Each structure stands twice: as C-alpha cells, then as structure tokens.
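Among the features that TrEMBL reports, transmembrane segment is placed at 21-38, 50-68, 96-121, 218-238, 250-276, 296-318, 330-354, 388-418, 430-455, 467-488, 509-535, 555-580. As annotated by TrEMBL, Na(+) binding site applies to GLY27, ALA29, VAL30, ASN34, SER304, LEU401, SER405. Residues or ranges marked as disulfide bond in TrEMBL: CYS134-CYS143.
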Amino acid sequence: MESTSKITTHERAQWSSDWQFILTCIGYAVGLGNLWRFPSLAYEHGGGAFLIPYLICSFIVGLPLLHLEMSLGQFSQSGTAVVYGRIRPLFHGIGWSMSAMSLIVSVYYNVILAWVLIYLWTIITGRSGEWASCRNDYNTIYCQSTVEDSLCIEEFAQKSQNVLAFYFNKSCHSANDTLTKNLKTETFNKLSAVSPAEEFFENYVLEKTLKLDQFGGINLKVALALAIAWTLTGLVLVKGVKMMGKISYFTATIPYVIIVILFIRGITLDGASIGLDYYIFHPDFSVILDPVTWRAAATQVCYSLSVGFGGILSLSSYNPRTHNCYRDAFIITMADGFMSIFGGTAVFSVLGFMSKQLNAKIQTVVQSGTGLAFIAYPEAMSRMPLPWLWSFLFFLMLFILGISSQFGLAEVMITAIYDQFPAVRPYRGWLAVGVCGSLFLVGLIMCTRSGIFFFNIFNDYSASFSLLLMVILEIILIIYIYGLPNFLDDLRSMFGYPRTWLGKVFGPTGYYIQGIWCFLAPLQITILFIVVLFTQISHNLTYGKDKRLYEYPNWAIGLGWLISIIPILLLPIMAVYNLLKFRQKRKNWKELFKLQPKWPSYEKRNVMEKPFCHILSKLGPTTSSRVEPINGDNKRINNSKIKEIKEGIQNKIYSVHF
C-alpha cells in the first residue's frame with residue numbers, strides 16, 4: 001500500500017486539448033448502432049419521416065441529458081463511482097450500476113470487433129470472394145446464390161449447350177435435369193435456402209452449433225481475434241486519457257471519411273434509387289402521429305448518445321472546470337445524428353442495389369444488427385466491381401467505430417475503481433490490464449461454437465430497462481433531491497451567468513434546459529422505462545427465422561434477466577454498504593441523505609444547513625464561501641440581522657427564475 005503522501009501526487013489527468021475531448025466523446029457515442037440499427041428503425045417507421053421525431057428527440061431529450069452528465073462529471077472532477085455518493089450516499093449505487101452496465105456491454109461489444117477482424121483478415125489474405133460462393137468446404141446443400149446460377153449458365157454456354165442451368169449441391173445442372181430440380185425443390189421445402197454470406201458468417205466465422213447447450217468447444221479464430229481486440233483496447237487504456245485523446249484524431253474522423261466514400265459509391269449504383277425511395281424520397285408522414293414512432297426515436301437517441309452508461313460523465317471528469325462542455329454536447333449530438341442519417345443513406349442505397357440484383361422486394365433484404373453488418377451488406381458488396389475494396393473500407397469503418405466506443409465503455413470501470421480506491425492510482429496501467437484481461441476471460445463464453453446464442457442474450461438483456469432506470473434515478477437525484485437551484489448555481493460557477501436573452505433561454509443554465517430537466521426528460525424516460533420493461537417481460541428470445549427459428553430454453557431467459565438485474569442490485573447493496581460504513585465511523589444514519597464534504601460546493605450548500613452563521617466572504621458564483629458558526633456569546637448580531645443575512649444567502653444561492 002502506498003503512503004498517503006505518495007498517493008496524492010498521482011492527481012487526475014486532464015485532456016491535452018478541447019478537441020481531443022470532443023473527438024474522444026464522438027468516438028465513444030457514435031458506434032455500431034448508428035449504422036446497423038438506425039436504418040432499420042427508419043425503414044420501419046415511415047422512412048424519411050422518422051428523421052423528424054429523431055431530430056426533435058435528439059435536441060429535447062438527448063442533448064439536455066448529455067449536458068447533464070457532462071456538467072456533473074466536469075464539476076465534480078470525479079467518475080461514476082463516487083459522484084452520486086458525494087451528493088447523497090444513499091444513491092451511491094447509481095454510479096456503480098452504470099459502471100456494471102458498461103462492463104457487461106463491453107464484454108460482448110469486443111466480440112463483435114473480433115468478428116470484424118476475421119472479415120478484415122479474410123479480405124487482406126485475398127479470400128473475400130468466399131462469402132459470395134457456395135463452393136467452400138463449410139457450405140451446405142442449402143446454399144443458394146443467383147451468382148452461382150449465372151456462373152453455371154456461363155459454364156454451359158462455353159460448352160455450346162444452349163440450355164438454361166442452375167446451381168445445386170456444389171455443382172451445375174442442366175435445367176432439363178428434372179430429377180435434380182425436384183430434389184432441390186424438395187430440399188428447400190424442408191429447410192429454407194440460405195445465402196453464401198450467411199453460411200460464411202455462421203459456418204466459417206462462428207462455426208455455429210444448432211442449440212445453445214451444444215457448446216462445441218472453443219472457436220480458436222474468434223478467441224484469437226477477441227484477444228487481439230482486448231490487447232488493442234488495453235494498450236490505449238493503460239495510458240489513460242492522454243492516449244485516448246491522441247488516438248481520437250484517427251478513430252473519430254476516419255469513419256466519417258469512409259462513410260462519405262461509401263455514400264458516393266452507393267448512390268451511383270444501379271438500383272440505389274429503390275433503397276433511397278423507401279428511406280428518403282417517399283416518407284410516410286402519418287407515422288409522426290403514432291406514439292410508437294416517438295418511442296422508437298427517443299430510445300434510439302438515448303442509446304446512440306450513450307446516456308446513462310457513465311462513459312460521457314467519466315470522460316468529462318478529466319476536463320478543467322471552466323471548460324465549455326455545453327458547446328461540446330451540441331457538437332457530439334450533431335455528429336451522432338449526422339452519422340445516423342448519412343450512414344443510413346449509404347446503407348439503403350446499397351440495399352436498393354442488392355434488391356435489384358436479386359430481383360426481390362427491398363423488404364426481403366432490409367435487416368438490422370448483425371444480419372445487416374455481416375450478411376446483407378457483405379453480400380451486396382460482393383456484387384460490386386472491386387468488391388474487396390468496398391468490403392475492406394466497410395469493415396475497417398466498423399472496427400474503428402467499435403473500438404473507439406469500447407475505449408469509453410471500459411474506461412468507465414477503470415475510472416470508477418481509480419476514484420473509489422485512490423491507493424490504486426499509481427498502478428493505473430496494471431488496473432487497465434486487469435480489467436481488460438478479466439473481460440476477455442468472460443467473453444470466452446461467446447467464443448464457443450454456441451457463442452452467438454450467448455451473444456444474443458447479452459445483447460438483448462444487458463442494457464435495456466436497467467439503463468433507463470439509472471437515467472431516471474440520476475435525474476431525480478440531481479434535479480429534485482440535490483435541487484435544480486443548487487445544480488444551476490454549480491453550473492454558473494463554471495460557465496458564469498448568461499449575459500444575453502439568448503443565453504438566458506438556450507444557454508447551459510437557460511430556461512430551455514431547466515424545463516427539460518424538470519419536466520420533459522423525466523416524463524419521457526419514465527414512459528420509455530415502463531414500455532421497455534413490459535416489452536422485455538413479453539419478449540420471446542429467439543435466433544434465426546422461418547424454419548430455422550430457434551427458441552431459447554427457459555434457463556437462458558433466466559440468465560438474461562439476471563444480467564439485467566445485476567446492475568440494479570448494486571443500488572441496495574451500496575446503500576447498505578454505506579450504512580454499515582457510517583455506523584462503523586459512528587456517524588448518524590441520517591448522513592446518508594445529506595451532501596458530503598467532498599462535494600466541491602459543500603461549504604456553500606452547507607450555509608443553509610447552518611442558519612446561524614457569520615459571513616466572512618461575499619457569496620459569488622465562482623467562489624466558495626467561508627462560514628463560521630456564531631456562538632452564543634456573540635452579542636453584535638441581533639435576531640433581525642440574522643434574518644437579513646439568511647435572506648441574503650437565499651437570494652444569492654437560489655436565484656433561479658423559470
């Protein structure tokens with residue numbers, strides 16, 4: 001154990017520049033969901049019309065909540081583990097719950113990056129054509145591809161056989177081969193055909209078994225790729241925010257360059273207009289009146305901006321207190337929205353091309369999540385000229401988006417331990433190695449041949465209603481228990497008082513922010529929490545579709561609920577922990593409901609808890625007040641003077657007008 005003097009020399013690091021912080025936050029907030037969840041949501045909810053509720057929710061829910069967490073971290077100069085406990089020890093568990101959710105999400109998030117690395121390696125080694133072919137060793141009799149049919153027709157034409165042909169069971173057959181044609185029809189009636197891209201993902205990358213309980217051993221490809229992903233994550237986190245800031249110049253900007261390139265390529269494809277018609281040009285504005293559309297938009301905004309995970313709060317805690325984080329919240333919100341909307345345009349133009357290539361309705365090619373990233377999009381790119389180039393750019397973009405988000409997710413727990421246990425501060429590097437190594441070991445369950453089934457459990461249950469509950473409790477604690485007037489006064493100590501009417505309305509402490517924090521945000525998030533909770537209760541966990549649909553056993557659903565509830569259990573656990581700690585220190589249990597001395601504005605807030613006081617320095621928004629209790633022998637101040645001093649203090653501290 002290091003001595004106290006030595007520990008205190010290891011102060012919290014700070015960002016080297018404003019832009020390093022902004023870019024790191026953009027890299028953290030803008031992730032895989034912007035590309036593989038937003039487009040499908042837009043498609044399901046009126047196409048381009050969905051952009052209206054999405055943008056409105058971004059600025060009336062997402063931006064204010066983002067500003068709340070950024071301001072909280074910056075003012076307190078501490079991460080999730082301690083900030084809420086310093087406001088009210090009873091709510092100490094909020095921060096640890098957020099840290100636990102980030103930890104759980106980071107486990108399966110890096111598994112996605114492991115899959116991406118396998119695709120990148122396949123492209124680099126010149127085997128990108130495998131996911132367009134049914135002739136590989138791992139392909140089954142059910143593999144079906146129009147590309148293979150075209151190749152068979154060309155093969156028969158070269159043999160001067162002027163007949164149609166088709167592909168089946170790794171060989172070409174004449175259309176006159178009635179026996180084989182009937183066998184093919186009978187085979188696909190029993191079990192539906194699959195694309196070569198789907199078999200590449202499931203049979204080669206995942207080596208998937210048929211059921212969850214058929215573990216099948218470790219998939220060495222995925223395990224090795226996962227080790228590489230965690231090694232890269234650990235190398236950055238060992239150096240902390242300094243390294244994260246430097247690498248953000250690359251990780252936060254390159255995805256935007258790539259998406260512009262893919263956008264230009266996408267809109268020039270034959271059939272791109274089919275996808276764009278559904279996404280932009282023929283919006284269904286009637287959905288704007290549908291509450292389900294607004295629920296989908298608000299949910300996407302909360303998850304997309306990573307509100308409630310604690311990452312933004314932790315990253316903001318390394319800012320100087322005078323930093324303009326309100327401006328940063330605007331920039332991050334706009335960058336996130338741009339990637340969602342612009343990225344969706346690029347995705348749908350390619351899906352339109354795919355629709356025309358297959359001569360199928362676009363509804364049949366639109367997918368979300370892993371289906372879009374690892375099946376639909378790769379298959380579409382395999383049909384373009386220079387398929388390896390577009391595939392490489394796409395998966396490189398996915399990897400950069402994912403790894404930059406992963407930095408923030410893992411940093412939440414590191415910062416939490418770093419702040420909660422100051423003795424480990426000299427060993428931050430080893431702490432990062434320990435966290436990353438432990439998460440790698442947990443992630444090995446998803447490297448088994450039934451790993452995709454465990455992945456879906458984590459993906460569906462890890463941050464659902466529990467995340468929204470943490471956001472609700474955060475708002476209640478800051479705005480209603482600690483008090484909006486107190487929090488606004490803390491913010492004004494960082495940003496100063498607004499000097500113009502625009503600042504008074506839309507500034508960091510303006511009426512716009514106040515109204516949303518007090519009324520709209522808690523109402524909206526509470527409604528979302530109720531809807532998501534009941535949806536989760538009625539949710540039937542499955543994998544696949546049609547005749548390949550697999551329903552999870554009850555014990556797997558129970559495991560999912562356990563993953564959901566673990567972060568929530570930390571709330572009472574930390575409350576009891578603090579109660580026992582206070583009793584050990586012979587503190588009154590009522591201290592659990594009081595502001596703690598380590599809160600930066602504790603002395604100023606404590607004035608109101610000590611009504612009889614003698615002011616030694618003038619109260620102001622940028623200084624802490626020094627107070628001295630008045631003893632009974634002080635005859636210079638009569639009761640009327642004491643009342644006057646108290647009223648003056650109240651006017652100074654609680655000067656908030658809606």
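Glycine residues also receive a Cβ, built from the backbone N, Cα and C atoms like all the rest.
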Taking the Cβ of ASN34 (Na(+) binding site) as reference, which residues of that chain separated by at least 6 in sequence fall under 8 Å from it? SER304, ASP336, MET339, SER340, GLY343, LEU401
Between the stretches 250-276, 296-318, 330-354, 430-455, which wins on the count of C-beta pairs under 8 angstroms to the transmembrane segment (96-121)? 430-455
Winner by Cβ pairs under 8 Å against the transmembrane segment (218-238), considering only 21-38, 330-354, 388-418, 467-488, 509-535: 388-418
Could you check whether the transmembrane segment (509-535) packs against the transmembrane segment (296-318) - three or more CB pairs closer than 8 Å, residues at least 6 apart in sequence? yes
Any chance the transmembrane segment (467-488) and the transmembrane segment (50-68) have 3 or more Cβ pairs under 8 A, given the pairs are 6 or more apart in sequence? yes
So if I measure Cβ to Cβ from SER405 (Na(+) binding site) and keep only same-chain residues at least 6 apart in sequence, which ones fall under 8 Å? GLY27, TYR28, ALA29, VAL30, GLY31, LEU32, TYR109, SER306
At a Cβ cut-off of 8 Å, and with pairs 6 or more apart in sequence only, do we get at least 3 pairs between the transmembrane segment (330-354) and the transmembrane segment (388-418), yes or no? no
Under 8 Å, at least 3 Cβ pairs, sequence separation 6 or more: does that hold for the transmembrane segment (388-418) versus the transmembrane segment (250-276)? yes
Assigned element (helix, strand, coil) containing CYS143 (disulfide bond), judged by DSSP: strand
Give the helix, strand or coil assignment DSSP yields for ASN34 (Na(+) binding site). helix
